Amino acid sequence: MKRYLITSDGTVIAGYGYGSPVTGYGELVFTTSMTGYLESMTDPSYVGQILVFASPTIANYELRKGVMESDRVKVSGIVTRDAHINMPAGTLGLDFDRFLRDEGIPAIDGVDTRLLVRKIRQGGVLRAYIADDPQGHSDFPDPMSENLVARAVDARGVKNIRGKGERRILFIDLGSKKTLRDMMLEHFSLIMASADSDLDAIDKYDAIFVSNGPGDPDHPSLRPVVNFLKRNIGVKPIFGICFGLQIIALAYGSKTYKMKFGHRGSNHAVTDGNRIYVTTHNHGYAVDPDTVRDFHVRERDINDGTIEMIEDGMMMAVQYHPEASPGPHDTRWFFSEMRRRTEDAAKG
């Protein structure tokens, strides 16, 4: 079945359609990860986006439910060069084509993804449709103008989860990955709270953590979270990962900006000036270095100098994903350092 990728710059690319027959729309971005396709597709940070896999071969190993980062696929569609759509079923009991059909996710195969990635790198992220009919797609609204966090979070409200640690963390869930929650529970007990919760009404916690998530960190719907963090700077230890770093930086008075094509993949090197860490990234926004105030920039991306870690006396946040999944475990020390700082603050 022929299917088309229609982009906001007027490009129309024909390919083979699989997955759901629905029309998909979103911001067109790419990942350079060569493995972890199911983890990427179920990562809530991809809400509102169509994901191009730079790796030419996708779905060449079985689908395993245990690696899913949320209950459902979160991307708006996928673009592949050579997808093994009829790969024998894994623990999900489905081949790739049937899995995407059941999830309501459209996909297009046979695309020159190398050319498409170069196009995005040179011109910046695009907006795109995946559709069976190439005609009638002239409206390309900005998905980042939506409240994507509301679509990314699987559970609303406040929930207590007992972990292996005694210290309790107020975990502000903006679209967290399962692996991240699991790693946090290895060190702490969590008070899970969605962004629309009354955060000021929650008490009896030792530190605050802000999770990853999708969209524009300066979206009006997130202003209550930013203001809550402002009120707690210097009061409670504050930690964050990925989107969480950007939210924390806004609370400190810094600004964020939209990157040309972002960082998405499991092979991004960052440095603190002494050591180099290979890390997993998934972000299309970053902190404006000209607006840094009241905190120290500890790590930067080796390739483009993007701010990748910030800290002050009671705050620490990274732009990358130390929990990885997929990706390297070079920076899992972040969780131990969180625990140490939380313990020190609790002891006064």
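One-based numbering along the chain as shown.
Using N, Cα and C of the backbone, Cβ positions are placed for all residues, glycine too.
Quick look at what Swiss-Prot lists:
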REGION    1-167  region 'CPSase'
BINDING   Ser45, Gly213, Gly215, Phe243, Gln246, Asn282, Gly284, Tyr285  L-glutamine binding site
DOMAIN    168-348  domain 'Glutamine amidotransferase type-1'
ACT_SITE  Cys242  active site, nucleophile
ACT_SITE  His321  active site
ACT_SITE  Glu323  active site
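Mapped onto this structure are the features recorded in Swiss-Prot.
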residue : record                   : contacts (Cβ under 8 Å, 6+ apart)
Gly213  : L-glutamine binding site : Pro44, Ser45, Leu148, Val149, Ala152, Val153, Leu174, Gly175, Ser176, Cys242, Phe243, Gly244
Gly215  : L-glutamine binding site : Val47, Gly48, Pro143, Met144, Glu146, Asn147, Leu148, Val149, Phe243
Gln246  : L-glutamine binding site : Pro217, Thr256, His283, Tyr285, Ala286, Val287, Gln319
Asn282  : L-glutamine binding site : Thr31, Ser40, Asp43, Ser45, Tyr46, Asn212, Cys242, His263, Arg264, His321
Gly284  : L-glutamine binding site : Glu27, Val29, Val125, Lys258, Met259, Phe261, Gly262, Arg264
Glu323  : active site              : Lys177, Thr179, Leu180, Asp182, Met183, Ile241, Arg332, Phe335
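Gln246 (L-glutamine binding site) falls within a helix when secondary structure is assigned with DSSP. Apart from Ser45, Gly213, Gly215, Phe243, Gln246, Asn282, Gly284, Tyr285, the residues listed for L-glutamine, the same chain places the Cβ atoms of Asn212, Pro214, Pro217, Cys242, His283 within 8 Å of the centroid of those Cβ atoms. Of the residues the record lists as binding L-glutamine, namely Ser45, Gly213, Gly215, Phe243, Gln246, Asn282, Gly284, Tyr285, the two whose Cα atoms sit farthest apart are 13 Å from each other. Cβ-based neighbour count (10 Å, all protein chains) for Ser45 (L-glutamine binding site) stands at 28. Of the listed binding-site residues, namely Phe243, Tyr285, the sparsest Cβ surroundings within 10 Å are found at Tyr285. Within 10 Å of the C-beta of His321 (active site) we count 27 further C-beta atoms, all protein chains included. Of all Cβ atoms in the shown protein chains, 28 besides its own fall within 10 Å of the Cβ of Cys242 (active site, nucleophile).
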